[in-house]
Amino acid sequence: MLHLCLRSSVKSRRLFSICSVKTQPRTGGRTSAGRICLNWGQPCWRYPLATEVSECTSISQLLYKSGKSIRQCVYGWLRGRVRTPHTFLLVTSPGLITLGLQFRNNVAHCEEEQRCKVNQSPQPVPEFNWKEFWKFLRPEFATLIWAILFACGAALLNTQIPLMLGDLMNGLVQCLRTNPACYLKAMKMPAIKLMIAYTLQGILTCCYITLLSRIGERVAANLRKELFSTLLRQDIAFFDATRTGQMVSRLTNDIQEFKSSFKLVISQGLKSVTQTIGCLVSLYLVSPKLTSLMCLVMPFLVGTGAYIGSYLRKLSQKAQEQGHLASDLITTLVQTWTKELNSREVDEASSMSQILGFGIGIFQGLSNFSLNCVVLGTICVSGMMLAKEQLRAGDLMSFLVATQTVQRSLANISITFGQVIRGISSGSRVFEFLTLQSNIPIQGGFQIPSHVLVGQVHFDNIDFSYATRPGQVVLHNLNLTLPASKMVAIVGQSGTGKSTIASLLERFYDPDSGIITLDGYDIRTLDPQWLRSHVIGYISQEPVLFGTSIKENIRFGKPDASDEEVYEAARQANADGFIQSFPDGYMTIVGERGMSLSGGQRQRIAIARALIKNPCILVLDEATSALDAESERMVQDALDHIQKGRTVLVIAHRLSSIKAADVICVLANGRMKEVGTHAELMKRGGLYAELVRRQTSEETIM
Ligand SMILES: Nc1ncnc2c1ncn2[C@@H]1O[C@H](COP(=O)(O)OP(=O)(O)OP(=O)(O)O)[C@@H](O)[C@H]1O
């Protein structure tokens, strides 16, 4: 068995397309029938050469014939005559090896990024929802097909341009050798062809980039709108469990990343793959010998570059983290101005950045050096071939331009691989939120006609825990009745579940067991939107005002309210006086979250907002506890005034404000401990009496 490799002294130019040949030698260097092995490292493709080999008289003849045979095979395959993937693999395998290396590096890098993200938040990355993606892509599908066609067209033209350049050069050399006067004539046709190719390529590039950006932007805008309305439809339990930053990140970063990846995969990925394959075939057709040399060198160079690149990326990530640490420290120091800026973190960040700079310098220097060596090597080898007339000057030019196109395309494919993985992760996160279903619908259900609505509420054997803390039972077997048009107060120590009762009544959450009824109807059968916007008026300790005018803030309670209704609600809430005293009156802008108003003024606007919907049930959740004595008196006056004729649930810390309640319920550890009027509970001398006694003595001390 004879093994010959590329570095053999055989001179035939066609032999460089083969890596090894295995034959059965006869005597005297003659060969018998055998196989030629197209071998790139490991034995892989075998191409039988029985007839030709049997005619060979020497190894060199055999090699010559085998090279020719493979070339014929390539041409044959290109013309669709030979149905074998062997030759295709021969041409593309070095590229595939290179891509494999780069892909491995990119995947490793992305996995690392993923691990970092996972470390920050223990959420696993969900699966990409192709069905959901298709819903958004379908309206743009026709445009997408055009974009793909244009991108492939541009790529195919790119593969032809080096060959055209070669033709131009060959024509030119030929003309200068034979008859320099015919220079213009010789140049004309190839130059026109090239011009057409350049123009077409430019138009196609412009078309596919425009179309892709149109598709990307439309899909992203639709995703954003749909995601936003899906988030709005979620119940409060979802917002308890999800960080605001996480939602904002999905609405902005993830959609942005997904859009960029989508565009990049079509524009760069598709184009680069087409260009790489096309140019490799062109290279082989121009010179199999030079192509084989290139294919030996390139995987090594690109692979090494990819390894160094991934090391530099890691280094850059570390330098960035160190930079963040240093800037956090600087922020702290700037806030306090206490210490000298003489820290290890800052020095560490500086030295890491310097190492990174050194690494980048080495990398760039090495890549410039090696790529220039490749060009020089190609010119040297091709110079010999030129001298022996095995190659023409134009072929050399085609070869160099096509090699550069392949290099660029391989680099782009490598970037695209990483981007695909990042895009799929971002898309998965977006679609995960898009397909969320709320446990409590935002609207839909029965609405009790207003003429029969009396506002009697009953909590029957309620058990409840928050989903985010399933181990902590907040309400145990709670029974509570809010009689129609009466005032019920709930008191108890902090954290006993008072506000939770109000949240259950508004149906922000559903109880784990038990049932809450309004006029005998289970509130789960009622329309939640109607319940919140027409039946219940909720006034909390910290009212939320929007950064718009006072009038709009009040009207928020009833969007179709007339100006007169707004003024009437403000009068009932004791707010009209101070609003009129402002230069802009009802058009006064309240500032972000109402910060340009006092606490008492904010609270009275919130009361007016609750009143404008004329609710049948009023929930006052520590509505006056954040106010000073004067503001509290004014707000309390407003509250006393508006409570008449409504069912009122008061949650209060200041027990003096609920003495007049029809029923006072004392809650401890989520259980109802005492129920009665102020007088009854004081007489009983239990928990309520103890709370009153403690609060009175605290107030006396103050
Ligand atoms: N969204 C939530 N997720 C998880 N646990 C919660 C949530 N809201 C309240 N809790 C917990 O439920 C328990 C009852 O809270 P709740 O706000 O109902 O108490 P409270 O009696 O109104 O207290 P305070 O008088 O201080 O307002 C507390 O232990 C609280 O930590």
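Every residue gets a Cβ built from N, Cα and C, even glycine.
Not measured: the values here are computed from a predicted model.
Residues annotated as domain 'ABC transmembrane type-1' in TrEMBL: 145-422. Per TrEMBL, the feature domain 'ABC transporter' maps to 457-694. If you look up TrEMBL, you'll see 141-161, 195-215, 290-308, 369-387 marked as transmembrane segment.
Note: the stretches the transmembrane segment (290-308) and the transmembrane segment (369-387) are in contact (3+ CB pairs below 8 A, sequence gap of 6 or more). Mean pLDDT, taken over the domain 'ABC transporter' (457-694), works out to 87 on the 0 to 100 scale.
Long-range contacts of the transmembrane segment (369-387) within the same chain, counting only residues at least 6 positions beyond its ends with a Cβ under 8 Å from a Cβ of the stretch, are 13, 287, 289-290, 293-294, 297-298, 301, 393, 395-396, 399-400, 403, 407.
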